[in-house]
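According to Swiss-Prot, the protein carries these features:
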ACT_SITE  D149  active site, proton donor/acceptor
ACT_SITE  Y409  active site, nucleophile
BINDING   R116, R150, E275, E276, R292, R374  substrate binding site
BINDING   D293, D324  Ca(2+) binding site
DISULFID  C87-C420  disulfide bond
DISULFID  C122-C127  disulfide bond
DISULFID  C182-C229  disulfide bond
DISULFID  C231-C236  disulfide bond
DISULFID  C277-C291  disulfide bond
DISULFID  C279-C289  disulfide bond
DISULFID  C318-C337  disulfide bond
DISULFID  C424-C447  disulfide bond
CARBOHYD  N56  N-linked glycosylation site
CARBOHYD  N64  N-linked glycosylation site
CARBOHYD  N144  N-linked glycosylation site
CARBOHYD  N284  N-linked glycosylation site
REGION    89-466  region 'Head of neuraminidase'
TOPO_DOM  32-466  topological domain 'Virion surface'
Amino acid sequence: MLPSTIQTLTLFLTSGGVLLSLYVSASLSYLLYSDILLKFSPTEITAPKVPLDCANASNVQAVNRSATKGMTLLLSEPEWTYPRLSCQGSTFQKALLISPHRFGESRGNSAPLIIREPFIACGPKECKHFALTHYAAQPGGYYNGTREDRNKLRHLISVKLGKIPTVENSIFHMAAWSGSACHDGREWTYIGVDGPDSNALIKIKYGEAYTDTYHSYANNILRTQESACNCIGGDCYLMITDGSASGISKCRFLKIREGRIIKEIFPTGRVEHTEECTCGFASNKTIECACRDNSYTAKRPFVKLNVETDTAEIRLMCTETYLDTPRPDDGSITGPCESNGDKGRGGIKGGFVHQRMASKIGRWYSRTMSKTERMGMELYVKYDGDPWTDSDALAPSGVMVSMKEPGWYSFGFEIKDKKCDVPCIGIEMVHDGGKKTWHSAATAIYCLMGSGQLLWDTVTGVDMAL
């Protein structure tokens, strides 16, 4: 039933061959639909047997007042999305390369946009490839400033996954130098941050409408996660942070419903510095995030957010496989799990995605192959356990980008199949032209599929000298 129209619900009641025509208003039909969905099967719902006093109902034409039989309503699937079990597989394989600047000889509307911070988010029917553009294309005359993180020209854009982000293919969602997006099963939520460093502003767009804002709380580069937010039952959770890149930066989570902020969540625990979280569902109850500490440690801050209580806690990952860059030698940090160790200054956003199985859970991570530079990208996995307390090394699972190729930010996302979700990791491969020429990125994508070993790494195929 559509809440925008008045529906006629004809009920054939088997006792005495009674026919009732009920003219149900939009609001009543929607409430009935929602209430039944909460209490019964989403595909076939049997209503309880209750007396129906037709004589006292102003909008019901009574034909026979003896009707008391039950009725069966067939309803469509609920609109909101929920995490499901992952599709079967035991390894990741190379799925897709989006390397826009292989087409850099194109001009005009076919020219590739200059972008950075790409990420992917998926709804029930499509995935979108997002990025932050400098409002410039290659080739072109506006290369100056394309290595800057923040300026007045940057915008959040997207294309359908598999399309090249060119001028003509791209949708410009909003002015932004930091961004996120997610789909709740009904509509897209877009997040953009821009403004001066001392007073930046989060803007929210739901579908085509700009719906809400959130102001800086530490007056020091309010920013978001540069990857997909996460939705369950119509509620979407977004990580934000505000604070020094070389000091304290405490994160928060915003709970957003249909484009409007309905709650702020303040994590407890090890909160000194948390930014650029990559988040996903460990279960229908818990969102987990692997984040970046740019100030104090090469270990990743790891968030557990309970969506039933809307509470979150942060602790450092305990594994001896340190996931940030730069980082010390694996296993070299002594002391308890909360020890920072050395080489904690600086960092990089890391890939993280869940493999939800009936009897166990897999957590897949990515990190650069170089300990000091943004070069190469390797995949790791750990089944079950608790990232807060498990000190064991993560298991290497293959090379996605070799040491000869750039490996910058990485992120996780899930593609929705008909009955299961496909976990994937994306890698930003930056063409670093410095301050004298264009500075942009390709995106490599690896997804869970089949068995065996990860077979092949990715190259961008771009020569900036051409």
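In case you wondered, yes, glycine gets a Cβ from its N, Cα and C as well.
Overlay of Swiss-Prot feature records on the structure.
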residue	record	Cβ contacts under 8 Å, 6 or more apart
C122	disulfide bond	K128, L161, H183, A228, F413, E414, I415, K416
N144	N-linked glycosylation site	K435
C229	disulfide bond	A121, S180, A181, C182, T189, I191, C236, Y237, L238, M239, I256, C279
C231	disulfide bond	W80, T81, C182, H183, D184, G185, T189, Y237
E276	substrate binding site	R223, Q225, E226, S227, C291, R292, G347, K349, Y409
C277	disulfide bond	Q225, S227, M239, C251, C289, A290, C291, R292, P301, V303
C318	disulfide bond	C337, P387, W388, T389, D390, S391
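Note: the Cα of C420 (disulfide bond) and the Cα of C447 (disulfide bond) are spaced 14 Å from each other. Long-range C-beta contacts of D324 (Ca(2+) binding site), restricted to its own chain and to partners at least six residues apart, with a cutoff below 8 Å, comprise R292, D293, T297, A298, K299, R300, G347, I348, G350, R367. Those residues noted as binding substrate (R116, R150, E275, E276, R292, R374) have their most widely separated CA atoms at a distance of 20 Å. Ranking the recorded positions C127, D149, E275, R374 by Cα distance from C424 (disulfide bond) puts C127 first. Annotated pair D149 (active site, proton donor/acceptor) and R116 (substrate binding site), C-alpha to C-alpha distance, rounded: 9 Å. Under the three-state DSSP scheme, C182 (disulfide bond) falls in the strand class.
DSSP assigns N144 (N-linked glycosylation site) to coil in the three-state reduction, outside any helix or strand. Within the set of recorded positions C87, C127, N284, C447, the entry lying nearest in space to R374 (substrate binding site) is C447 (CA atoms). Neighbours of the residue listed as 'active site, proton donor/acceptor', defined as other CB atoms within 10 A of its CB across all chains, total 14.
Within the same chain, residues at least six positions away from R150 (substrate binding site) with a Cβ under 8 Å of its Cβ are W177, S178, D194, D197, I221. Recorded residues R116 (substrate binding site) and C447 (disulfide bond) have their alpha carbons 21 Å apart, per Cα-Cα distance. Proximity of C87 (disulfide bond) to non-local residues of its own chain (separation of 6 or more, Cβ distance below 8 Å) is seen for D417, C420, D421, V422, L448, given in sequence order. When the C-alpha distances from C127 (disulfide bond) to the recorded positions E275, N284, C447 are tabulated, the minimum falls on C447. Cα spacing between E275 (substrate binding site) and N284 (N-linked glycosylation site): 24 Å, rounded to the nearest whole number.
Counting only same-chain residues at least 6 apart in sequence, those with a Cβ under 8 Å from the Cβ of N284 (N-linked glycosylation site) are Y82, P83, I232, V307.
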